[in-house]
Structure formats: C-alpha cells, structure tokens
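Trainee: Encoded as structure tokens, here's the structure I'll be asking about.
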C-alpha cells in the first residue's frame, strides 16, 4: 500500500449550524412543556400538526441561555407512544408525563425520562390514581419544600372533567382533591390554564359546553391550604372567553395571553390583565407585537418573562420561541419561526443555482418521497408541491442533476423492495415524469450515479441477489440503455454506498469515471480510488480500470459525503463496517501522480459524526445535510439527531483547495449574474448566454439555463437577462437572434410527370407555309405571263395520258403547260406530305397509357436513380451542424427498409433553417420504409417543419415530388418526445416504350400523399425551455401496385411506308382529276371565248358591209336632232383573229 501523507491544519473550517439556533422541531402544537431551572432549559414533548399528521413522541430541548435547539437521544426501546396534550413536570434529573391524547384517545399511563441516561421508564401509579386525561390545565410548583404538579380538568374517555389532582413529584403519590358540598367549583374545562401564586392555584379558561358566559371568564383560585376553590374576579366585561392559552401573574396582575374560541372563530390579538388586589377591571396590555394570533402553544413563566413555544393559529403553525416581557411589554423572537421537516438519512442532496434539493430518505420508521428546497440566499427550507408522477417513498437511491435543470432519481429501496424505475423532476415547472428506457434495468440500491453530456452513468449497487460492478449508461436523447460488463485487467469494483463522478479525457470521446469510498459486499471499506475509462458513445467499448492510489485505513469510509475539487475531493464523515461513524473531514487527492491526503480540523468544540448523509458545494462553502443517528461514534438505527451545517474555509490554505463551485466565480466566489453561467469549478469568469437566449437566474451552472427568447422577442447580443421586444412590422419566432420578416409556406405542393404531348419540331417555326404560298403565287404569275416558262414546264408534264381525248379518234399522248404546272404542284405537295408523315411518325405516332398492375405480377427490381427526402426544420435556432459541416452529434436517425442512402445536414440563416437531406442514388425501397429524425441538441426546436419527398420517375426526364408543411406562427413550437408524422404513398413505377427514342424498362417511384401530417409534441411559453428534442417520422407507404407507363406506336413503320406509297398514287389520281377538270374548264372557257369571237367577227363584217353601202349617211343626218343620243359602242373582249385559230394548248406528240 502506498503511504499517504496526512496533513492536519491548526485552523481550518468553521462549522456554522443552519439555522443558528440549530434545527428546531417541525411545526407542532399541543405540546407538553417543563422547565429545568438548573440548566435554564426547557423540555418539549409530543404534540401534533394542524394538518392531521400523526402525533410525535420525540423529546426536544431548548437552552434559553444559548438559544439553541437539540433533540434528546433515546437509549431505550421502551418509550411512550406518540401523543399530544399530556401533563408534564420536571424534577432533576427526571421528566414526568401523564396522559395525553394518543391515536386511541385519552391515556392514563405515567412515564419518567432520565435526562442523564436518556431512558424512558413507565412508572406505577400510587395514591389516588387519576383517570385517563388529556388537555388538562397543569402547572408545576414548589410548596412546602416539595415539588408538585397540579392537573385540572381536560378530556376523559367520554367527556370532560373538572377534577383536580396533585402529584407529589418527590414521592410520586397522586392525590385527588375532593370538593366539598356548597363550595364554588369550576365547571368542566378543556385546555384551560393554571399558575401557582402565593400558595394558591389560579385558573382561567373556557368551560366545556359553553354553559355560562360569565362563568367562562371568572378567575378561580384554589387555596392549597384550605383545599377549596374561590372566585377572585367576576367581571365579565372587557374580555372574551377562550382556551388553549396561557396565564401568568406578575406584580399582582393576572394575565391572559392569547388563545382561541374555536366555536366563534375568535383569535384575540391582544393580551388582557386584571388586578388581583385592585379594581376588578380587565385592561388591554399594549405589547410591541400588535398582530399576533397564537393558541395551542406551550409556555413557561420565568420571573417577569413568559416564553412561548410552538403553537398555531388558523392560518399557520409555528416552531418559534417567543419571549414576552411583562415589565416592558416587549415581544422578542428568541428563535424565529423556521420551516423544517422530519430529519432523515439516505436521501440525496444537490445544488441547482442558488438552491439545494433534498429528496427521499428514511428515519428508520418512515420512508419519504417528498422534495424540499433550501434557499442558499435566504437560508430557508420550503416544501416543493410537485405535480406529475413522483417516485415512491424510498431511500438509498442514486441521483444526479442533468443539464442543471432536472433531478434524476433511480433505484433505491421502497416498500416493495429494490426499485428499477427512472424518474425525472423538472426543477422549474415542479413536475415529475417517468423515464421509459428501451430495456428495464435490474432494481438496485446503494449505487452511484452521475451525468456526462447526454448520458446518465450508474455504477455498482446491490440488486436483489448480489452486489454488481456493471456500468449502466442511459442515453437521455434516445432513452437507450447499454451495460458495460467487459472490464480489462480483471477489475473488481462490485461496490455499494460509494460516490462517483465523470471527467473527460482530452480530445477523445473517452471519460474517466472516478470512484471513491464505498464498501464491498462483505462490508469491507474500499481501499482505493478507482478510475474507470470507457467510451460512452460506443456500446461495444470495454472498461479500462486503473488505481489512482490506495488509501489508508483513516480515510476508508463508506456512506460518506464527497465533493470533487479539481485534483482533490473533499470527504466528510462516513461509516465503517456498519458500526462506526466518522467525524473527520479529509482532502484526498485523486489526480494521477498525487498521493496525499489532508485532514481539515473544524473550529467547533462539538464533535459531529456524519454518515448516510449528503453534502453540496456553493461558492467556497460546503453544506452538510442531516446524518444518521449515532451514539458517540457508534451507529444507531433510530431517532436522528443531526442538524444542517455549513463549512466555511477560514484561512488561505483551505481557500487554495476549496475552489469556487460551478455557478460562481472570482476571488470571492460570487454567483454568476443573470445572463451568464459556469459549468466548471474554479474562479474563472462566467460564460455569457448566446444570442437568441436569456437567463434571469443567479449562479446558473449550464448553458441549458439560457432559455430561447419567447415569441415576439429577440436577443441580438450575448448575456441578456431579458430579450428585446420585436417591432410590430417584424417577425420574431422563438429563439430569434434578430428581427426578420414572416415567410409563408404552402401546406402542400406537388410535382408529377406530365401527360405525354408530342414535341413537333418545326425548324421554320410555321413560316414554311408562307414560303409555299408565296412561291406558289410567283409560279402561277410566271405561268400566266411567261410563255417560255409554260414551254419549259410542258416538258415535265407527268399527266400526258390524262389529257382530253376525242371519241372515235386515236389517243395521242400530249404534254401541256398546265400538266407541267400540276406536276410541279404535285411534287411539292407530295414532298411536304411525305415529310409530315415521316415527322408525325417520329413525333405524334406515340400513344401513352398508364395502368396499375399488382406488384406480384412483376419481377423487376425497382430502383430510383435519384430518391431524396428533404426535411426542413424552419426557424431552428440550434447549431444543426458541427464545425466541419457534418450533422450535429445530437442528430439521430433511424432508417427502415431503405438501401443506399446518404444523409447530409445544412444550416441556412435568415431565416434559420436546419435542412436534412436524405439522398439515395440507385435507391431500393423494401417493405414500408420509415425515416425517423431527432435533433436533441441545445435549442433544438422548430416553428415549422417541411418535408419534401421526390424520386426520379420511370418516365424519362421527369421526377415525382410531394411536399407537406406544418407550422405555428403564434409562439408554439415543435419540441418534445413525440415526433411529427408525415405520410407519403410510394408507388413503384416502370416505363415501357416501343419507340427507340426512349429507353424501355426504366424504373422509379411515384410519390403521392397518403394522409395529412400529424402534429408532434408542441409546447409554448415556459414549457419550451424544458424539452430536449424535435423530430419527424416520415412514413413511405409502399403501394402494392406498380404504375406502368407505356408509350406505344400508333402506326408501325412498314404500315406507314405502304400507306404513304398508296397515298402517293391516290394523290396522283386526285391531282390528275384536278388537272382534267382544269383542262375541261379551260376548254369550256375557250369554247365560249371562241364562240363570242366568231359572233363579234360576224358583227364586224356586217358593219363593214353596211358602210360599204353608205348606211352611215342616215346616221349623220340624224345626228343634229338629238345631241345627247350616244352612239352605241360595243367593246370587244376578244381580239380579232382568223376564224380557223389553232388550239394553242396542244402540241402533237410526234
């Protein structure tokens, strides 16, 4: 074993109790009380709670001189059962109690407590044995050198009474006072008050049954010598009846102090007094406290002072000590009202910000699952009223703080044995939830637990069968549990009741889990400080154990309190072999290369032993929680006596070791201001909250304490305590670091392959027709006006056999210019027709059909050359990517039934969008593919989510694409455990083509909507701050059919060719008929023209003949008769020509 140097400092840590009066009893009323004048102390026994909780049987001690509380230890199993309203007296060294109300009603047992031996003994009853009594008026006094306790009235088993008993405390003999006939006797009373004065007992209080208002307020005196009651004051004006009060006599004045009249709901705020020797008149005593209401308290009268302990009013309960000075009318709080709770051990204690959280534990009688908060600034405790699903009452559990916002509880012992459940408590919203991991771990107790990054790490502990050494790691993002069982170098770390914490190994994913203190299954204390090195990010990692150093017997403890302090840890108390407890405080090194330990002395005369406790660190102070019970240094099982303490370093030596806690900084370890945080220990400066966030808390310990700005606010700089309000013309979603403009998104978008339309290619863009028309017009004009042209086109006349012939005459083939013109027109037309036919064959010869066929009838392997799913988290303030551009370490994906995928991430700014792209070249989808994404990094939230699924279509040159969008614009964001769901229908498709223009057999996927999206977990306002993840689940439902797109030819090539050839001859006949019709028409026109020419020739010749015979003379003679008569002038439309004009349109075919 390595020798460890133990250094002890002459002055070290100041131990300061919290509160300064030490921990008082819990709030209680109806206590029993006795005064010890030798020690100027008060003993308090029993009592109960206004809320109806069970009575107590714990004895408390309050030293009036030192103003400190203490619980009296018990060294015997025989004790009175819990009760309230007992009668109690003191005669050194014994305390006596009689009666009181238990769970079974008023009791009649008589007990003695030895304050030196701390032993209870039930006493026999001698003399006039009293009946069962509770809430009697009682007082202790010395009369004739004998100590007495007087007991009047109170509850009996079936009613109340007005009996008076005197107990000779010296001889323990009871005497029942027998009233004489005709004496003035008080009526039955409950919770009246009585005081000894001048050999008499003075009694005042409300009579039971409320029979007579006057009798209720009379002051009675019992003369001890005459054994007779007298009424000394009868005035009923100026005072109201009451009970559960106290009375006192000072300077011959009888004081009635506080109390209550429950039936009337009357709680007096003033003290009344009446003179016992002067005027019979009640006066108001003007005390310095004007608004005090109090009843069911305990009181002792010491000279001119009245001390009031505990009690209640109708609004609250008390454990304070109040001194009332009857001479000066001052009210002084000797011990202020201080909320506390039943002390316990085997709880967990953690600091979050400026608060300590204490959960669970036991006091060997009860198990607890309540949660208390200690305010480090105001030094007060409060009960947390939690909601949700809390853990069962337990002790010995392991816990840790996660992200500075959550308390995690696992395991422990409850009423059913060892628990196996995980629970998480939101410190801000005060809500419990269960954590459901992927597997259920074995229940255990006495394990150690810590958090690191996103992991909860649990080591060791005792299951129902054995003590184990496994390391269990729970991923808080995925809720997956892995267990590390592969330990190198034959490590043996099967431990219980130990402590552990995690430290990073530089520039790696490995951590060192440091384990200190604890014990083996045999109860033997651990003799070493261990380091377990492993990679929590790798489920197949092995654990490498090393020994930081071996420790000495002096510091081998289990169930101790530990605080890591850089290279050292502070060790407070502990137990050994379940027998002994420690009162030592050590600084023990655990860094590699350091082999020393230091004992820290405490600046207190008392020796405090601690075990089954917990400690915490704030600033440079160490807070020590309640401990298990001890007797000297021997472990006890019951009646916890410890208090709550604060250790304060008193010199520079300790200041060098006890550094600033997380959340504090500087030489004086001041708390980090709002708008900042500090996760590490040390005096370095705090880090500022990033832009887009704010923090209103002091001493924050994690960046998660910096919350995203609310909707309508933004933070454009770091370190804000409140975000800035967004201008009315701008848009600021949750987590904004600047003001922007609102962008609108369509809820659905779709892009699918278009219906096939022939792509007719026209290089002339339709202008060829203008060219044809123009050229044809030119040809026609040339034909009409150019004989040479007509001569030339005559040579190409194809229709030589189509020209007109005469019956009964030989058929002679001739060529004409019209035939030549028709031939040219036919050639041009046929050329255009054939070109269009061939073009149409290539372009408009396609018939596209789409059909759905069962997938089982197809044997193809369906792939997509480009299948993508683009997911956009819109208005996403998180990082999304790492510095190298790859996806965040806190991005999680689950892919099902999809092969060949690649996922990439991209962060877009203004607006902030995290884009996750799944690319799947040559993608194969099997079954019903499912894509699940989760982003669980800091500030992982989104105001909107858009998912676009697209695939290359089987139709060449097209893709199929469908888009869904869901979102909020009112401050609600997607964040939580339930992912938003998007549903797409994927139909396998194949393309078949008879044309060589497209490849046949291409496959792809047709994307369509299956159902509207389902919104996932959505939160708003403060709840946004306390969720971790945002995610999507994308369902690609593979349709059972195959979409077949087929492009077939309307006409086959050979058919097109033959039909075109046939059309040539058909058109040739049509053109021939046209030419014949043209020639016939021409012949007809010529015939008519020839006929008219002949007529015109005859007319002309007659005219010539007439002139020859002088017929023109008459016309000339008559010309003067009517000058307006026009000479008939006939225009000639045909030029004169010889009668035997040849047919110029025909040329003999020689």
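Quick reminder: no glycine exception, Cβ is built from N, Cα and C everywhere.
Unlike curated entries, TrEMBL annotations are predicted automatically.
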Trainee: Which range is it, out of 736-755, 796-815, 816-835, 836-855, that shows up in TrEMBL as transmembrane segment?
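Mentor: The range carrying the transmembrane segment annotation in TrEMBL is 816-835.
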Trainee: Of the ranges 768-786, 863-881, 882-900, which one does TrEMBL flag as transmembrane segment?
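Mentor: Spelled out, TrEMBL records transmembrane segment over residues 768-786, not the other listed ranges.
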Trainee: May I ask you to indicate which of 1053-1078, 1079-1104, 1105-1130 is given in TrEMBL as transmembrane segment?
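Mentor: In TrEMBL, the transmembrane segment feature sits at 1053-1078.
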Trainee: Can you work out the mean pLDDT of the predicted model over the domain 'Tyrosine-protein kinase ephrin type A/B receptor-like' (667-706)?
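Mentor: Taking every residue in the domain 'Tyrosine-protein kinase ephrin type A/B receptor-like' (667-706) and averaging pLDDT yields 95.
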Trainee: Which residue counts does DSSP give the domain 'Tyrosine-protein kinase ephrin type A/B receptor-like' (667-706) for helix, strand and coil?
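Mentor: Once the DSSP states are binned, the domain 'Tyrosine-protein kinase ephrin type A/B receptor-like' (667-706) shows 3 helix, 8 strand, 29 coil.
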